[in-house]
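Record features (Swiss-Prot):
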{"type": "COMPBIAS", "residues": "1175-1195", "note": "compositional bias 'Basic and acidic residues'"}
{"type": "COMPBIAS", "residues": "1202-1212", "note": "compositional bias 'Basic and acidic residues'"}
{"type": "COMPBIAS", "residues": "1221-1230", "note": "compositional bias 'Basic and acidic residues'"}
{"type": "DISULFID", "residues": "C63-C118", "note": "disulfide bond"}
{"type": "DISULFID", "residues": "C162-C213", "note": "disulfide bond"}
{"type": "DISULFID", "residues": "C268-C316", "note": "disulfide bond"}
{"type": "DISULFID", "residues": "C358-C408", "note": "disulfide bond"}
{"type": "DISULFID", "residues": "C452-C501", "note": "disulfide bond"}
{"type": "DISULFID", "residues": "C543-C592", "note": "disulfide bond"}
{"type": "DOMAIN", "residues": "41-129", "note": "domain 'Ig-like C2-type 1'"}
{"type": "DOMAIN", "residues": "337-424", "note": "domain 'Ig-like C2-type 4'"}
{"type": "DOMAIN", "residues": "430-517", "note": "domain 'Ig-like C2-type 5'"}
{"type": "DOMAIN", "residues": "521-608", "note": "domain 'Ig-like C2-type 6'"}
{"type": "DOMAIN", "residues": "725-819", "note": "domain 'Fibronectin type-III 2'"}
{"type": "CARBOHYD", "residues": "N78", "note": "N-linked glycosylation site"}
{"type": "CARBOHYD", "residues": "N218", "note": "N-linked glycosylation site"}
{"type": "CARBOHYD", "residues": "N290", "note": "N-linked glycosylation site"}
{"type": "CARBOHYD", "residues": "N483", "note": "N-linked glycosylation site"}
{"type": "CARBOHYD", "residues": "N576", "note": "N-linked glycosylation site"}
{"type": "CARBOHYD", "residues": "N581", "note": "N-linked glycosylation site"}
{"type": "CARBOHYD", "residues": "N595", "note": "N-linked glycosylation site"}
{"type": "CARBOHYD", "residues": "N692", "note": "N-linked glycosylation site"}
{"type": "CARBOHYD", "residues": "N834", "note": "N-linked glycosylation site"}
{"type": "CARBOHYD", "residues": "N985", "note": "N-linked glycosylation site"}
{"type": "CARBOHYD", "residues": "N995", "note": "N-linked glycosylation site"}
{"type": "CARBOHYD", "residues": "N1091", "note": "N-linked glycosylation site"}
{"type": "TRANSMEM", "residues": "1144-1166", "note": "transmembrane segment"}
Amino acid sequence: MMKEKSISASKASLVFFLCQMISALDVPLDSKLLEELSQPPTITQQSPKDYIVDPRENIVIQCEAKGKPPPSFSWTRNGTHFDIDKDAQVTMKPNSGTLVVNIMNGVKAEAYEGVYQCTARNERGAAISNNIVIRPSRSPLWTKEKLEPNHVREGDSLVLNCRPPVGLPPPIIFWMDNAFQRLPQSERVSQGLNGDLYFSNVQPEDTRVDYICYARFNHTQTIQQKQPISVKVFSTKPVTERPPVLLTPMGSTSNKVELRGNVLLLECIAAGLPTPVIRWIKEGGELPANRTFFENFKKTLKIIDVSEADSGNYKCTARNTLGSTHHVISVTVKAAPYWITAPRNLVLSPGEDGTLICRANGNPKPSISWLTNGVPIAIAPEDPSRKVDGDTIIFSAVQERSSAVYQCNASNEYGYLLANAFVNVLAEPPRILTPANKLYQVIADSPALIDCAYFGSPKPEIEWFRGVKGSILRGNEYVFHDNGTLEIPVAQKDSTGTYTCVARNKLGKTQNEVQLEVKDPTMIIKQPQYKVIQRSAQASFECVIKHDPTLIPTVIWLKDNNELPDDERFLVGKDNLTIMNVTDKDDGTYTCIVNTTLDSVSASAVLTVVAAPPTPAIIYARPNPPLDLELTGQLERSIELSWVPGEENNSPITNFVIEYEDGLHEPGVWHYQTEVPGSHTTVQLKLSPYVNYSFRVIAVNEIGRSQPSEPSEQYLTKSANPDENPSNVQGIGSEPDNLVITWESLKGFQSNGPGLQYKVSWRQKDVDDEWTSVVVANVSKYIVSGTPTFVPYEIKVQALNDLGYAPEPSEVIGHSGEDLPMVAPGNVQVHVINSTLAKVHWDPVPLKSVRGHLQGYKVYYWKVQSLSRRSKRHVEKKILTFRGNKTFGMLPGLEPYSSYKLNVRVVNGKGEGPASPDKVFKTPEGVPSPPSFLKITNPTLDSLTLEWGSPTHPNGVLTSYILKFQPINNTHELGPLVEIRIPANESSLILKNLNYSTRYKFYFNAQTSVGSGSQITEEAVTIMDEAGILRPAVGAGKVQPLYPRIRNVTTAAAETYANISWEYEGPDHANFYVEYGVAGSKEDWKKEIVNGSRSFFVLKGLTPGTAYKVRVGAEGLSGFRSSEDLFETGPAMASRQVDIATQGWFIGLMCAVALLILILLIVCFIRRNKGGKYPVKEKEDAHADPEIQPMKEDDGTFGEYRSLESDAEDHKPLKKGSRTPSDRTVKKEDSDDSLVDYGEGVNGQFNEDGSFIGQYSGKKEKEPAEGNESSEAPSPVNAMNSFV
C-alpha cells in the first residue's frame, strides 16, 4: 500500500519527472519525452491584467507558452483580431508570442492603449491569456496657483491642502521644507491619507514660509513640488482651549467599501486643544488580532488581508480633557472572484474517465462560464465524451480526438478569473526515467531514498524487488512513495545491494536496477580536551577519527566558529592542532570538523590562557623625549620631519612614533601618523589637503614610551577635491514605504577643503530607472519616502567640497523597508515519530509574499489535553525557530499520549506573518512515570498492607502494576524474588503469608501497553506478635520487646531551660539523644547527646517566651524516634533574685486558696445531691473572673514562675500520652470551660432553668482553660481548678 510522504528539498529537481496522472499539471519535462509526446499549449508567462507602462519606453506585452508541437501565437485588440504585420511599430519575438511596440520613432504610447489578449494554438488545442489592459502612466504638472499666506491664531486648527495632479498611478505624497528635510509630524501635526497636512492646533513654532508638498510618480521616477505655503501664527493671551472636532471625515457617519484581500485604511483626524487622542473600536466585535495596525499616531486604522468577516461598524473617538466626539464608518467587504478549486490539467489514456472542476467564490457570487480552445463551449464543436454540469465538465470514455484546452471564467462586478486546463489523451507504455544502475550512497542508521521516476498512460503501477530476481519488497521497514521512490527509513549495512523497480500498465512493463551502498558513519574517537595554558607555552588539541575506508575525510579546524588566524604559530597535523607560543588572543573555542561526501561530525574544546608565574626583572627607565623637531622640504602632499633623540636610559630605543594634530578640524587631539626604527631621526610624511599640521615624536624602548616631544611648527596644506567617498554605505528601510540611506561621514582632515557635502543617489534595481540625487551636508543619513515595499535599490554616496567632487563612488545594493509577511505556510503536515518526537513539514511561502529578508519559520505548538486524563490545563505555547528556507523541523520533548496543536508562521526582519490553520496531532502511548508514592502500613505477624498512588504522568492507559519483593537478612543479602501483577484500578494490597519478624524490600512500577515505567522501592518489616508481647531472651530468662519504643515524652519548661523526660521499652544500654528546634521554623534540628541511659535531660540556653518542638531518639536502633512534642518557655522576668516558692506568705496564701476551693466544692456537691437549683448569679459570684482575683498577673508575684517539680506534678493527671502546653492553653475539644460549654455555641451545657450542669463534675481526662487567649501564665484559682 502506497504511503504519502514529503520529499526533501535536495530531491526537488526530481519532482518534474514524477508522473501524477489524474492531478498532473504537465507531462514530465524530460527532453526525450517532449520530442515524442504531444501536448496542448500552456500559457507560462503573461503581462498583468492592469498593465501601466512608461510612455518613454517601448511597450513589451508578454505572452509565453509551451506545447508539443510548439504553439503559434495570435493577438486580439479591443476584441478584434490584431494584425501585427500591418503595423510597422509592432513586432513579435521569435519563438514567442511577446509583442514589442517601438515608440522611439515619435509614436505616442497613448495610441496603443487598449485591451489585448493572446492565443497560443497547436494541433491539440488553444490556450488564451487574460485580458491585458494597456495604459501609459501619466505624471501631469502641478497647476499654477497663487497661494495666500495663512494667518492663524494660536490654538486654532489648520489644514494645508496639497491637491496633487491626478496621475496614473496616483502619486505618493510627502511634505518637506526647502532644505529637503521631512517636516516633523506628531499627534498634533500629521499628514492625512489624501495628502493634506492637518494641525489639530497650531503653536508659535509652526510659523514658517516653506511648507512644501511633494508628489512622487514612481513609474516615471519624477518628483514634483507645490508652491511653498506660508503659515504665520499670532498669539493671543490667554489661549482658549477647545473640545475635539473632527476635521476628517465630516459628519457622524460614513461608508467604506473594500475588496477582500486588500488593505483597509480608515482615518480620523480631529482638532482641539489640548491635542485630542484617537481611539478605535469595532462595534459588536473585536479588532482582528495580528492583522490590525495603528498608524499616523493612531489616527489611521489599518487592517491587512481583509475578509467578509471584517465588515461592520468601526468607531473612532477623539477625546481631550474638555470632551469627546466620534465618527462611525460602516465598512462593507466585497470580493472579486477567488479560487476554491481551479481546474487542473488532465492526462488520460483512451477509454478513461475524468473531470474538470472549476469552483470560485466572491461577493457577489461569481458566475462560471466555460470555453474550449478559446471559444464559448455552447458554440464549440460537439464532443460526445464531454458533458457540462455547471462548474464541472465530465469526460467519459475519452478518445484521442478529445484532447483540447478548456478555459474557465469566473466573474462578478469586481473582477474575473481565467484558468486554462488541458485534457491530453495519450496511450503510452511505461517508461522509467531514472538512469539505469544509478548508485546511491548513504550513512548507516540514516534514511535511504531510491528513485524510480516514471511515465506512462494509463498511470503505471510500481513494484520494488531486492536484487534482480528477488522477492517483492513489503513490510513496515519500507515506505513506498506515490512518485515511485522507495524509502528505507533506517538503512543498515546489510541494506547494501541491488534494487529493481518494475513499472507496468496495460500497454506493457519495464524495469530498472539501481545500486545502494551503506557506509559506516564518521566518528571522532578521541576528541579535543579543555586546556589551561600559560602564556608563551604550547597548546595541543587532538582529533582522532574513524571513518568508512571508502570515504575520504577532510579535517577543518575553527577558532570561535571562524577560520584559524593566518599565523605560522598554528600547526595543523593529521589528527591534531598545535599552537606555539600562545598569547592572550588565542583564548577561545577550537572546533574540529570532519567532513566526508556523506556526513559531517565535529567536536570542540576551550583554550584558556593564563599569566605565567612572575619572574624577577631588571628595572630600566623609559627614554627621554626627542628634541629639536624641524620641518623641511615642504610640498603640497608631503614634508620631511627631523629630530634629535633623547637619552636612552640604559635601554636602546627600538622605534619612534610620530603623531600629528589637525589644528583646523580637531585642535588638541593627537593622531597616530607613522613610526620608524630607532636608528632613524628623519622621516618623509604624507600629507592631506586642507589640514593645519603640527607633529610630535615619542621614543620607545623595551621599558615603554617616552613623554611626547614638544610640538613642531604648524604647516597648512592647500585645499583639493576629496580623495575618498564615505564608507559603510547602506540602504535599509525603517518603514515599509521608505529607504534609509546611511554612511560614515568623512573626518575633517578627509574633506580636503571647505564646504564638505554628500551627493546621495539611488535608483530601483532591475527597472532601468534614472538616478535620483540630492545633496546634503552635516548629516550621515537620508530617508527616501514613498518606496515600494522591500525592493532592491542601487545606492551611491559621493563626497564633494567647494573645489569639486571625489572620484565616482562604487554602488551598493540596499532594500526598502520590510513589511510583515502576507501568507501563512500551507500544507502543514505532522508525522509522529514516537511518543515524544514529531516531525512537521510545510510548504514554503512564495518569496514575494515574504516582503522582506526571509529569516525562517516559527512553529508554535502546545498541548491541548492528555488523552488519559481528559482534562484541559493551562496552555503553555512553545516556539521553535527554523532558520532559512527550511520546510521541515523536529518537535522534541512531547508528552506521550497527548493531543497537541501547532501552527507555522514565516518570519522576516519585520516580524511574523499570519499563522497557518492549527494542525492537531496526537502522540502515542509511552511508558508511565513511577507511581507517585508507595506506603507500607499495618505490619502484622505475616502480612503487610501496601498503598500507592497512580503515576503523575501515566503517558497512556495503565494496564497493570508490577510488584516485586524479596526478604533481606541482617547482612543485607537478598532472598528469592516474588513478582505479582496487580490490576490498574487497584490502589492497595494486603500481602499475606509473609515470614514474621522479617525485613522485605519492595519494587513497584506501573505498565502501559508500551511497557513498564521506572520503579520505586521501599522496605518494611513484619512484627513478631501483634500485641507487642515481650519474648524471652535465649538462655537468660529476660524478656525484651520486639521493637524498642520511646513514648510519653513530657516537658516542664522554665524561662531559659526545660526538663525533658520519657519512657523507654527495649534492649538495655540504649544511647539516647534529644533533638529540638523553634516551632514552625525550617531550620535543621539541634541535637544533644544524653549521657548514659537516663530517661530525662535538661535543655539549657533557651529563649524566653518561645515555642519549641522536641523529639527523643536512640542511637544504633535503626534510627527510630518518638513523635514530636511542643512546649513554650516562660516570659522574661525583671528580677529573679527571690525564690517566691520558698516565701512563707506565699505558702500560706496558697493553702488558704486551696481550702476555700475545697469548701466551695463540698457545698456545691451537697446542693447538687439535694437536687436544688443553682442560680446563675450565685454561680458567677462563686466562680469569680480570674482577671479580678487579688493575685493579678501584673503584680509580679504569681503565674510567672513555676518550679520544675510543680510543673511535672501538674502533668500527672493528664490523659496518657498527652500534655498541656506550659501556657495552659487547651484546644476546644479538650476543655470543659470553653465558651461553647457555657452556652455560646450549640453544645452549651445548660439546664432549662439556666443552672450549670456538671460544672464541678471534674472530668479528669481534661483540663479547664482560661477564659481569654492570653499567652500569660494563669491565675492561682485556675491553677487549683486544674489540680482538683
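The backbone N, Cα and C atoms fix where each Cβ goes, glycine too.
For C213 (disulfide bond), the spatially nearest entry among the recorded positions C63, C592, N595, N995, N1091 is C63, judged by CA separation. DSSP assigns N78 (N-linked glycosylation site) to coil in the three-state reduction, placing it in neither a helix nor a strand. Cβ neighbour count for C452 (disulfide bond): 27 (other Cβ atoms within 10 Å of its Cβ, all protein chains included). For the domain 'Fibronectin type-III 2' (725-819), the model's pLDDT averages out at 92. Under DSSP, N834 (N-linked glycosylation site) is assigned to a strand (E or B) in the three-state scheme. Here the candidates are the recorded positions C118, C316, N576, N581, N692. The one whose C-alpha lies nearest to that of N483 (N-linked glycosylation site) is C118. Long-range Cβ proximity for C162 (disulfide bond), meaning a same-chain Cβ under 8 A and a gap of 6 or more residues, is found for I173, W175, N194, G195, D196, L197, C213, A215, K226.
Looking only at the glycosylation sites N218, N290, N692, N1091, the densest Cβ neighbourhood within 10 Å occurs at N218.
In this structure, the C-alpha atom of C358 (disulfide bond) lies 66 angstrom from that of N576 (N-linked glycosylation site). Note on C268 (disulfide bond): other Cβ atoms within 10 Å of its Cβ, all shown chains, come to 28. The Cβ of C543 (disulfide bond) has 26 other Cβ atoms within 10 Å, all protein chains considered. Distances between the Cα of C118 (disulfide bond) and those of the recorded positions C268, N290, C543, N692 are shortest for N290. In this view, the densest Cβ surroundings among the disulfide-bonded residues C63, C316 belong to C63, judged by other Cβ atoms lying within 10 Å.
In space, C408 is the closest of the recorded positions C408, C501, C543, N692 to C268 (disulfide bond), judged by Cα positions. C213 (disulfide bond) is surrounded by 25 other CB atoms, counting those within 10 A of its CB over all protein chains shown. Around N78 (N-linked glycosylation site), the same-chain residues at least 6 positions away in sequence with a Cβ under 8 Å from its Cβ are G114, V115. Of C63, C316, C592, all annotated as disulfide-bonded residues, the residue with the shortest Cα distance to N1091 (N-linked glycosylation site) is C592.
C316 (disulfide bond) sits 63 Å from C452 (disulfide bond), counting Cα to Cα.
Less than 8 angstroms from the CB of N595 (N-linked glycosylation site) sit P553, T554, I556, each of them six or more residues away in the same chain. Across the fold, the C-alpha of C592 (disulfide bond) and the C-alpha of N692 (N-linked glycosylation site) stand 54 Å from each other.
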